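I have placed the structure first, in the form of structure tokens, so that the comments after it can refer back to it.
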């Protein structure tokens with residue numbers, strides 16, 4: 001109890017007010033409150049208070065399975081919108097699925113756009129996220145495994161390690177969600193992500209020079225100097241037929257992408273361009289027998305759904321450390337991209353996306369996917385943007401996409417046998433260009449010069465070292481803004497090692 005003396009100016013008398021001191025809180029109680037604020041800022045149990053047992057069961061089921069929340073009110077008008085958006089993103093997912101699988105040094109399979117979207121439709125909380133393989137995670141997965149195992153000399157083992165890495169990526173992601181560690185993703189600064197993504201986009205594009213130029217003997221390294229050296233030391237391997245076809249379709253894809261960006265109502269132009277490119281180029285190669293004139297093609301493809309792969313997972317042996325390491329790196333990459341994309345479109349449509357629930361959904365879909373011949377998947381920015389512009393209402397669009405991909409796998413895969421690899425390279429280049437966000441970099445330069453320096457370090461680290469090594473470096477110097485929760489708000493820059 002403290003006394004506070006106040007002087008009345010008019011009378012000159014003293015007034016004494018007794019002020020009650022705040023109750024003393026033990027260190028343990030303070031720690032408990034701080035942990036609650038950190039791990040449970042939204043207090044997921046709050047909605048169960050005062051509810052009947054039946055209502056608690058319903059709310060609990062809706063919390064873990066968001067599909068039960070929107071499905072009872074689902075109508076035909078919503079389904080019409082979702083079927084249009086689902087078919088649209090399927091037309092983009094099929095050629096991208098084949099392209100990204102080759103980027104990961106895997107067989108040209110598109111199962112990653114079949115089972116994972118079904119799992120996410122049940123567990124995910126985003127209405128706009130279109131899941132499937134993405135370029136950066138595909139590149140990192142393939143490059144990290146390729147350092148130890150050759151995808152050409154031992155393709156079966158390489159495939160086993162890819163599925164095992166996917167399982168551990170999902171396990172890591174789901175564990176973060178179950179432990180309520182979603183706030184960790186926020187520790188990655190925007191500058192780090194922008195620099196990393198821009199550098200990775202350039203590296204991915206440079207890797208496509210092998211297909212765009214028709215080079216046979218290409219370096220296995222990813223840094224810019226070895227890649228350019230390999231390109232100019234193999235000029236005698238360049239194929240003018242391949243270069244001509246690649247240039248024409250690359251211009252076509254970039255033009256349609258520009259139209260889609262300038263006029264969102266014409267989203268179908270950019271969305272259908274990759275599939276149209278695949279169809280036209282396949283017909284051209286088949287008609288002129290392009291494979292006999294220096295144009296490399298995909299070759300014979302497996303028809304039908306790929307068999308379960310649970311028996312191919314490695315949980316012991318000399319490769320266990322490799323698959324765990326690869327799983328964690330690709331898990332962080334894909335999780336960061338997926339949550340960022342989901343939150344972006346949720347903000348546009350004014351609804352909430354729970355980061356922890358998204359971690360669980362993405363993690364479980366990768367764990368299930370690893371047992372069904374799928375590799376690391378997440379929310380793709382390009383497909384999600386098309387999904388949003390096409391008018392998707394719910395995650396039903398992912399189900400429509402998955403069914404369309406299933407039909408393609410069962411009946412249409414042999415039609416892609418004559419698809420030229422150069423067109424797949426052009427599709428990848430067009431897709432990753434969107435990862436280079438120059439306006440955001442200029443904005444960071446204007447706001448914070450130190451953050452811009454972090455951006456440059458991340459960018460040049462990818463360009464001159466490699467994607468996975470730069471990701472390790474970035475995690476050793478993570479720049480995160482933390483605002484202290486007290487009356488005197490301050491900003492800290494944290495650095496830690498992982």
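Glycine is treated like the rest: Cβ placed from N, Cα and C.
Unlike curated entries, TrEMBL annotations are predicted automatically.
The feature domain 'SLC26A/SulP transporter' is assigned by TrEMBL to 79-457.
Taken from TrEMBL, the feature transmembrane segment covers 157-179 (among others).
Below 8 angstroms of C-beta separation, residues 103, 135-136, 139, 215, 218, 222-224, 227-228, 231, 336, 340, 425-426, 428-429, 432-433, 435-437, 440-441, 444, 448, 451-452, 454-463, 466-467, 470-471, 474, 478-479 of the same chain, each at least six residues beyond the ends of the transmembrane segment (191-209), sit close to that stretch. Per TrEMBL, the feature transmembrane segment maps to 191-209 (among others).
The transmembrane segment annotation in TrEMBL covers 238-255 (among others). Sequence-distant contacts of the transmembrane segment (238-255), counting only residues of its own chain at least 6 positions beyond either end whose CB sits under 8 Å from a CB of the stretch, comprise 211-215, 273-274, 277, 281, 284, 290, 293-296, 420, 422-423, 425-427, 429-430, 433.
The transmembrane segment annotation in TrEMBL covers 267-288 (among others).
For 319-341 (among others), the entry in TrEMBL reads transmembrane segment. Same-chain residues lying 6 or more positions outside the transmembrane segment (319-341) and placing a CB less than 8 Å from one of its CB atoms are 129, 131, 134, 136-137, 140-141, 144-145, 148-149, 161, 164-173, 176, 182, 185, 188, 193, 353, 355, 358-359, 362-363, 366, 376-381, 384, 468, 471-472.
Listed by sequence, the residues of this chain that lie at least six past the ends of the transmembrane segment (399-416) yet keep a Cβ under 8 A from its Cβ atoms are 82-83, 85-87, 89-90, 93-94, 97-98, 108, 110-111, 113-115, 117-118, 121, 130, 278, 282, 298, 300-306. The annotation transmembrane segment is assigned in TrEMBL to 399-416 (among others).
The annotation transmembrane segment is assigned in TrEMBL to 422-445 (among others).
Summarising the annotation, TrEMBL assigns transmembrane segment to 452-468 (among others).
In this model, the domain 'SLC26A/SulP transporter' (79-457) carries an average pLDDT of 89.
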